[in-house]
Every structure is written in C-alpha cells, then in structure tokens.
Amino acid sequence: MELPILPTSVIGSYPKPRWLLRMYKLRELGKIPEEDFKEAVRDASISVLREHERAGIDIPWDGEMGRSEMTEYFTSKIKGFKFYGPVRVWGNAYFNKAAAVDKLEYEEPLVLDEFLWVKENTTREIVKIPITGPYTIAEWSFNEYYPDKESFVMDLAEIINKELKVLEKHGAKFVQLDEPAMLNHPSEVPLAVDAINRAVKGIKMKVGLHVCYSNYNLLADYFDEIKVTQFALEFANRNFRDMDFLKKLSNKELGFGVVDVHNPRVESVEEIRQAIKKVFTYLEPEWVYINPDCGLKLLDRKIAYQKLVNMVQAVRGVRKELEKEGKTTIEFRTLKDI
C-alpha cells in the first residue's frame with residue numbers, strides 16, 4: 001500500500017462541539033437516556049471526521065468524541081477497576097481516577113465500536129486509532145491490589161495486547177499507543193518499554209507511539225528496543241530546538257509535530273513549511289509523517305481546524321519540492337517491516 005510522501009495525520013483528541021459537551025453534562029446528571037448520548041457521540045464523530053477530511057488530513061480519527069478522558073475511558077471498561085470520585089489535574093480540571101482493587105481482566109473490546117464506526121463513515125482508507133498505553137494507565141491510577149507496579153503494568157499490557165488483536169482481526173491498519181507518562185520516572189522507563197513490547201506481541205499492523213513533550217534524549221536511548229513502527233513526538237512546543245536526539249532514530253518513522261497545541265496562535269503555512277524542512281537534516285522524507293504536537297482538544301474548534309488546514313497546505317508545498325527529486329509516495333510500513 002502506498003501513501004503520498006509526508007502523510008498527514010492527527011494525534012487523537014479534538015475540540016468537542018459545545019452541544020456534545022452539554023450532552024455529557026446531561027448524561028452525568030442522569031437527565032438523558034444512554035442511547036440519546038450515544039447518538040450524539042456518533043453525530044459528533046462524523047462531524048469531526050468530515051472536518052479532518054475537509055482539512056486534507058490523510059489519516060484521520062474522530063477526535064475521541066466518545067471519550068471523556070484518556071485514562072478514565074479505558075479504566076471504566078476494564079474489570080478490576082473501581083472509581084471513588086474525581087481528582088484535580090490542574091486548575092479546575094478534574095478526572096475520575098480509578099483504583100485497581102482486583103486482578104484486571106479484559107471483559108469487552110475497549111475501542112472496537114469506535115473504530116468500526118469511524119471506518120464505516122470515513123472516506124479515507126486508513127485511520128489511526130489512539131489507545132492509552134499500559135504504563136500511563138497504571139501511572140494515572142491508584143494501585144490497591146497488586147504487590148508491585150511491574151505486575152500492575154504488565155497485566156495492563158496483556159489487556160492492551162488482547163485489544164490490539166481484536167482490532168487487527170476487524171481490519172485495523174494503524175494504532176497509536178499514547179504514553180505521556182512513560183518518562184516521568186527515569187528508573188521505570190525499562191518497565192514502560194517492556195510493557196509496550198508485550199502489548200504489541202504478535203501484532204502485524206502499524207503501531208505508533210506518542211510521547212508528549214518530555215526528555216526525548218532519554219527516550220532516544222530506547223528507540224531500537226521499543227517495538228513500534230513510528231514515534232510521534234512534539235517539536236513545535238520546543239520551537240524545533242534540541243533535535244539532535246533524532247540521530248539515534250533509524251529504520252523507524254517519525255511523526256513530526258509541527259503545530260503547538262497549547263498556543264492559540266495559528267502558525268502560518270510558511271512557518272510550518274520551514275519547520276518540516278528542518279527535520280530532513282536528520283531523516284529522509286520517506287521516514288516522516290506530519291502531525292500536530294499532541295491532541296487538539298484544549299483549543300477553540302475553529303483554531304484547531306485552521307491549524308490542520310495550514311499544516312496540510314505546508315505539506316503540499318514541501319511535496320511539490322520533493323516531486324522535483326522524484327519523491328512522491330512512500331510504502332505504508334507495519335511492524336512486519338521493522
């Protein structure tokens with residue numbers, strides 16, 4: 001399978017329509033039937049998909065319209081977790097932090113329904129399914145059952161592995177493990193790496209790993225060891241500085257973050273075009289995908305959309321330059337190719 005060179009994608013989240021946020025609130029208060037809420041989520045999913053497609057994104061997703069939060073969504077579906085109530089993340093932001101109170105078990109698919117709905121309603125051949133990784137789920141949950149963190153994390157890795165196999169069986173081509181917490185404790189990075197590798201054991205499709213702004217020099221020490229196809233990382237947030245760690249990346253792709261998801265200023269097409277060209281100092285264009293730094297959900301929806309539009313326009317400009325060198329397409333690599 002071939003894709004245009006410098007394929008464009010998203011990381012995961014996208015601003016929810018205001019009417020969907022109202023439905024979330026009504027659901028929380030028990031004032032609407034669950035079927036009404038699910039219908040609203042499906043409608044929002046299609047709306048965001050169309051927005052991504054209209055922006056020109058090659059590999060879209062639905063912006064996680066059915067997910068209230070990136071760990072809560074998964075822990076609510078895994079047997080053995082219990083919720084005690086919300087905890088503060090920052091400012092006035094809260095999430096329901098789960099506690100493992102029994103052995104964790106895979107009872108039902110976690111994101112299969114999401115994937116099948118998106119697959120059915122997109123015009124694109126490939127979508128990217130974001131899944132919160134085992135280490136981050138453990139790090140952002142309480143442990144009231146397991147004797148140590150390793151057994152907690154590795155049981156979650158087994159569960160994610162089962163989910164990936166279900167998705168692959170139903171035609172998924174590209175999943176992305178989100179591990180924003182994996183570099184929090186340098187001494188535990190080997191555990192996070194082992195968990196990722198266990199989660200992808202026996203998987204053949206394309207697997208990306210997204211790690212938010214952090215110490216990428218530490219991550220780079222494990223580039224070869226981590227069994228994924230692609231690393232999706234933030235660069236706009238650091239003004240494209242300190243990129244020398246990319247010299248350690250070989251035979252794996254880079255998802256190059258080119259728009260800042262924390263800044264409402266919309267980067268110009270020319271700014272993004274120049275940023276893209278910087279990465280060619282380290283990697284051949286055939287090994288680069290283009291995406292935002294991270295999920296876009298904290299931005300105003302119009303701003304998020306315009307950032308995607310400008311990102312795609314910048315990519316198209318660089319593609320025209322690469323076309324003069326005979327570079328127009330790339331192979332869609334999977335774990336089998338790495």
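Cβ atoms here come from the backbone N, Cα and C positions, even for glycine.
Copied from Swiss-Prot, the annotated features are:
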BINDING   His210, Cys212, Glu234, Cys294  Zn(2+) binding site
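Taking a C-beta cut-off of under 8 Å and a sequence gap of six or more, Glu234 (Zn(2+) binding site) has these contacts in its own chain: Cys212, Tyr213, Gly257, Asp293, Cys294. A Cβ within 8 Å of the Cβ centre of His210, Cys212, Glu234, Cys294, the residues given for Zn(2+), is found for these other residues of the same chain: Ile11, Pro180, Val211, Tyr213, Ala232, Leu233, Gly257, Val261, Asp293, Gly295. In the three-state DSSP scheme, His210 (Zn(2+) binding site) is classed as strand. Counting only same-chain residues six or more apart in sequence, the Cβ atoms lying under 8 angstroms from the Cβ of His210 (Zn(2+) binding site) belong to Ile11, Gly12, Pro130, Gln176, Leu177, Asp178, Glu179, Pro180, Phe231, Ala232, Leu233, Gly255, Cys294. Listed binding-site residues: Cys212, Cys294; maximum Cβ neighbour count within 10 Å falls on Cys294.
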